[in-house]
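Take a look at the structure set out below.
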Amino acid sequence: MQPTPTQRPEAIVHDEKAQLDFARDMSYGDYLHLDELLGAQRPLSPEHNEMLFIVQHQTSELWMKLMLHELRAAIAAIQQDRLQPAFKMLARVSKILEQLVSAWDVLATMTPPEYSALRPYLAHSSGFQSYQYRQIEYLLGNKNAAMLQPHAHRADLLAQVRAAFEAPSLYDEALRFLARSGLAVPAGALQRDWTQPYRADDQVEQAWLTVYRQSERYWNQYQLGEKLTDLEDAFRLWRFRHVTTVERIIGFKRGTGGTSGVTYLRKMLEVVLFPEIWKLRTDL
């Protein structure tokens, strides 16, 4: 029995009536500005592996752009007591972080000798100088005035980073929402110097404990607490994979930006963004 001949590829496309002429129409590449996007990878070394290094960091910056978009929208929604949209946005941020965690697996295919060959071409450029990442840190509440300095050479970038530094963080707005819900949040947590890191407060923990003990009554508040927990959990995983990837590639050498490298990154693992939400789990 002879097999039925398959339809020619050209005929399939014709039958589907696919748009093929883009002389006067916007194409996929036009919409995404792919010429500019794919022209932005400009290795400085002759090393094959530099393309991996560049693409890893550029794609991370694109995901961070989306993170900032979602975080700012989530903060605005919480300010307006629009919790359902905020939940969707915060869940998306957590998923973006999962994507960024998995991306470390690709960079980890670079061996120590391969990185050492391209490292001299990086000069003092380092990931901690990322102005998008710094805004994310500030919006999540990890305020550090010293980290404004790497952006002082660009007034436009400094203005962006400073705006995030001086604004209430995601957690600050979450606490304000609890207060508007009738929960006993101390005034010191509601009106303070937003440029300072948040410090845990027993009264704030009591407010969150009330939410978790009466979750049916405070369902939106409870869901907000869990979305924040998801986000910080994902952020911690990203930080951890950052540490382990750097350690397997450069060991304990100093970072290109002048930090102690892995030692510095390990210190960042100790940062807690939403302290009472974690502590209440012990006290429930």
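In case you wondered, yes, glycine gets a Cβ from its N, Cα and C as well.
Among the features that Swiss-Prot reports, substrate binding site is placed at PHE53, ILE54, VAL55, GLN56, HIS57, TYR115, ARG119, THR256. Long-range Cβ neighbours of ARG119 (substrate binding site) (same chain, at least 6 residues apart, Cβ-Cβ under 8 Å): ILE250, THR256.
For HIS242, the entry in Swiss-Prot reads heme binding site, with the evidence type sequence analysis. Long-range Cβ neighbours of HIS242 (heme binding site) (same chain, at least 6 residues apart, Cβ-Cβ under 8 Å): TRP104, LEU265. HIS242 (heme binding site) carries a helical DSSP state (H, G or I).
TYR115 (substrate binding site) is surrounded by 20 other CB atoms, counting those within 10 A of its CB over all protein chains shown. Of all the binding-site residues listed (VAL55, THR256), VAL55 has the fewest other CB atoms within 10 A of its CB. Spread of the substrate binding residues is 18 Å (greatest Cα-Cα distance among PHE53, ILE54, VAL55, GLN56, HIS57, TYR115, ARG119, THR256).
Neighbour list (PHE53 (substrate binding site), Cβ cut-off 8 Å, at least 6 residues apart, same chain): LEU107, MET110, TYR115, LEU118.
Cβ neighbours within 10 Å of HIS57 (substrate binding site), excluding its own Cβ and spanning all shown chains: 14. DSSP assigns TYR115 (substrate binding site) to a helix.
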